[in-house]
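Annotated features, as they stand in TrEMBL:
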- 3-140: domain 'Nucleoside diphosphate kinase-like' (DOMAIN)
- Lys11, Phe59, Arg87, Thr93, Arg104, Asn114: ATP binding site (BINDING)
- His117: active site, pros-phosphohistidine intermediate (ACT_SITE)
Amino acid sequence: MAVERTFSIVKPDAVGKNVIGKIYSRFEENGLRIVAAKMLQLSEEVAGGFYAEHRERPFFPALIEFMTSGPVLVQVLEGENAIAKNRELMGATNPQEADAGTIRADFAESIDANAVHGSDSPASAAREIAYFFAASEICDRA
Ligand code: RTP
Ligand code: MG
């Protein structure tokens with residue numbers, strides 16, 4: 001299996017609950033390395049560009065309001081099968097439907113405040129990493 005990179009966000013609810021370290025531990029304990037990371041306050045423009053694929057959806061205004069409600073951590077995760085592995089660790093979008101032991105089951109409250117984001121495909125991962133990080137900000141730890 002190939003070593004991949006994926007893009008991840010610790011969302012404002014999880015930063016507010018002070019569980020950044022617990023979420024980072026889930027990544028590290030499951031074979032994903034953090035190869036880039038920074039804390040940011042997203043503007044409406046940056047959040048809207050990031051979630052551009054959802055612009056016409058009814059939940060878009062609530063999504064942008066939530067994502068700009070406080071600081072987030074953005075990171076690049078690297079490891080075998082990293083994109084699917086991270087989605088598995090996150091659990092379902094709605095925490096009520098997330099498998100026990102997943103990040104969303106353990107740390108999320110609602111479909112809006114759902115603790116984490118993770119890229120859903122190689123194309124999304126490439127776009128999302130480049131949206132937040134310059135190549136010089138990603139550290140090769142292999
Ligand atoms: P994310 O992009 O944040 O990792 O989440 P996801 O892939 O699991 O879900 P996605 O379909 O990409 O939706 C992005 C975010 O929009 C909110 N959402 N609300 N009310 C709703 O029906 C609804 N559907 C999606 C969620 O907060 C989701 O994380
Ligand atoms: Mg998504």
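Cβ atoms are placed via backbone N, Cα and C, with glycine included.
If you draw a 10 Å sphere around the CB of Lys11 (ATP binding site), it holds 24 other CB atoms from the protein chains shown. Phe59 (ATP binding site) sits 16 Å from the residue listed as 'active site, pros-phosphohistidine intermediate', taking the C-alpha atoms as the reference points. Within the same chain, residues at least 6 positions away in sequence whose Cβ sits under 8 Å from that of His117 (active site, pros-phosphohistidine intermediate) are Phe7, Ser8, Ile9, Lys11. Cβ neighbour count within 10 Å across all protein chains ranks Arg104 highest among the binding-site residues Arg87, Arg104. A count of other CB atoms within 10 A of each Cβ picks out Asn114 as the most crowded of the binding-site residues Thr93, Asn114.
Residues Phe59, Thr93, Asn114, His117, taken from the recorded positions Phe59, Arg87, Thr93, Arg104, Asn114, His117, are distinguished by a CB atom under 6 angstroms from ligand 1. Secondary structure from DSSP puts Lys11 (ATP binding site) in coil. For the ATP site listed in the record, the two most distant Cα atoms among Lys11, Phe59, Arg87, Thr93, Arg104, Asn114 lie 21 Å apart.
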